[in-house]
Amino acid sequence: MLSRLSERCSIATGLEQVLRRHVWSAAWLRDAEPAAAASQNIDLSCLMERAGRAAYDVFSNLYTSQQHWLILVGSGNNGGDGYVIARHAREAGKIVTVLCMPHSKPLPAEAASAQHAWKAVGGTETTMNPGAPLQLPADVDLIVDGLLGTGICGPPREQYEDVIRHINGLPVPRVAIDIPSGLNAETGEVAGACVKADHTATFICLKPGLLTGQAKDYVGQLHYRSLGLEDWMTAPERMRAALCRRVALDDVYEYFGIRRSALAHKGRCGKVILVGGDHGFGGATLMSAEACVTVGAGLTRVLTRPEYAAPLLTRCPEAMVTAVETDTGGQLEQQMLAAFEWASTLAVGPGLGTGAYGQAALTAALRHAEVHQDKTLVLDADALNLLAGRLHGKEGGAAAGAGKHLPVLPNSIITPHPGEAARLLACRVADVEKDRLAAARRLAAILGGTCLLKGPGTIVHCHSSAKTAIVDAGNAGMASGGMGDVLTGLLAGLAAQRMHDTFNTTCAGALVHGVAADMVAAEDGRGTRGIRATELIHRVPLIVNASGPSPATRQRSSGP
């Protein structure tokens, strides 16, 4: 099944594969483009020609039967790419209609050159009339978006928004040049109207806004083209300028390519304690435990309420269960501290609740992890809500220190969804989603460890190393209860095995989680609606034991 996912990927050269695994700021690229062109002994107009031609090749291969292309050009270099596409489409025998936005300033030199070349082959254009209804030829069967580029911040101007909303409502395929108009290339924020593209062709490097935030709803399928700049982009100084890693399907082979030693035994494969399952929330720890066992942890023990011991052992007899009966805070904490001595990895949160049981579990976990800095501590769900209370003096946090004594835990992993992140940062969910990369950095600083910020385009950030990754796997079917509990188990089980450092363990766990969901969705064309969290667990062994790809398969890209 994993190989079938790989088979859907496009062919890429070795250096292109390197570039597809990294992400650069759009602002950095705009500043670097003159040097990039100079490295090829060409000017920026020639670089624009390469971009337009690359986009035309992508779109024409995707839409071989579309005969009337509508190309919308703005007043910047994105519009210049549109003129190049228009020229190539016309030369290929397509009917081409070019509509341009009115602009008070002259076009940039490169865009003006592309416009001149379009007109030189007999091309024409029509300037749109702001406020007037948009009149389009009835037989248009492909719309090419070249309105706005990577420099946009905030909502488009009203005249652009009107056009964007109009074309989004048409039953015609839409493709975007470099980035859908209205999408923030740095953050993935959509502050106003944004083109909903079926496909996007982007150039030279991947930008963060194409992979996270609201991007998944607007980019469609992403196609990356390096424009012949692979050697220049992979030079050490450019690689050091990369903003973050992109973690995707091919990285499965990097994370899990080393086989387990034939001399391994359960004691060497890690001892995990999972704490959760307060009264009324027993299913969460069950799913976490099953995921932890399935991903390869040597020994897994669950601390939960007595009523969940039998169901858990029935469903997952490989796990051990310790029933926590007392409701007295001090006794709870002491019982948990004693149990934690056995473990090499702790995970606290699934079904934890925010009462005395949860408070005691979090206090004990933080105390133990502060003393045993070599152990990994995973915090999720109500453990994060309780942590937020301590940070901001709410819900009993004052009694627990109100954030005054939070330890620095470099090996900790916190896994908030946007709502939990907002509580931890004392802000609105919209503030988290406005810039997910910045939010992840702030979240990781709380305990000085690694943050996994959930959501489309999961962000992983390590505070101590300042490393960041965007995990490009998973789908909308993961919007269901229990998914986070499965992730917690995966992270704890992987951390216990000590295959990688905490940052890479977190990336690997998020990748396994997302790829498992993609496998479920791809099976027999099932789709994303109605995926259950427990279904992911059964795909995990296929991922973590995936054979390395053949040399031919290694040339395939797991994404754009």
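Cβ from N, Cα, C; glycine included.
If you look up Swiss-Prot, you'll see ASN78, ASP145, SER181 marked as K(+) binding site, on the strength of similarity to another entry. Per Swiss-Prot, the feature (6S)-NADPHX 1 binding site maps to TYR160, ASP178. According to Swiss-Prot, the ADP binding site annotation covers 454-458, 475-484, on the basis of similarity to another entry. If you look up Swiss-Prot, you'll see 29-235 marked as domain 'YjeF N-terminal'. According to Swiss-Prot, the feature domain 'YjeF C-terminal' maps to 249-547. Look at Swiss-Prot and you will find 1-241 tagged as region 'NAD(P)H-hydrate epimerase', backed by similarity to another entry. Swiss-Prot lists 249-560 with the feature region 'ADP-dependent (S)-NAD(P)H-hydrate dehydratase'.
Taking Cβ-Cβ distances under 8 Å and a sequence gap of 6 or more within the same chain, the neighbours of THR458 (ADP binding site) are THR212, LEU452, ILE470, VAL471, GLY474, ALA510, GLY514.
Listed in chain order, the extra residues whose Cβ falls within 8 Å of the Cβ center of the K(+) site residues ASN78, ASP145, SER181 are LEU72, GLY74, GLY79, GLY82, GLY146, LEU147, LEU148, GLY149, ALA176, ILE177, ASP178, ILE179, PRO180, VAL195. Distance between Cα atoms for SER181 (K(+) binding site) and ALA476 (ADP binding site): 23 Å, as a whole number.
The CA atom of GLY482 (ADP binding site) is located 39 Å away from the CA atom of ASP145 (K(+) binding site). Between the CA atoms of ASN78 (K(+) binding site) and TYR160 ((6S)-NADPHX 1 binding site) there is a gap of 14 Å, rounded to the nearest whole number.
Closest to GLY484 (ADP binding site) in space, going by CA atoms and restricting to the binding-site residues ASP145, TYR160, ASP178, is ASP178. Among the binding-site residues listed (TYR160, ASP178, LYS454, ALA476, SER480), ASP178 has its Cα nearest to the Cα of ASP145 (K(+) binding site). When the Cα of TYR160 ((6S)-NADPHX 1 binding site) is compared against those of the binding-site residues LYS454, ALA476, MET478, the shortest separation belongs to ALA476. Distance between Cα atoms for MET478 (ADP binding site) and ASP178 ((6S)-NADPHX 1 binding site): 28 Å, as a whole number.
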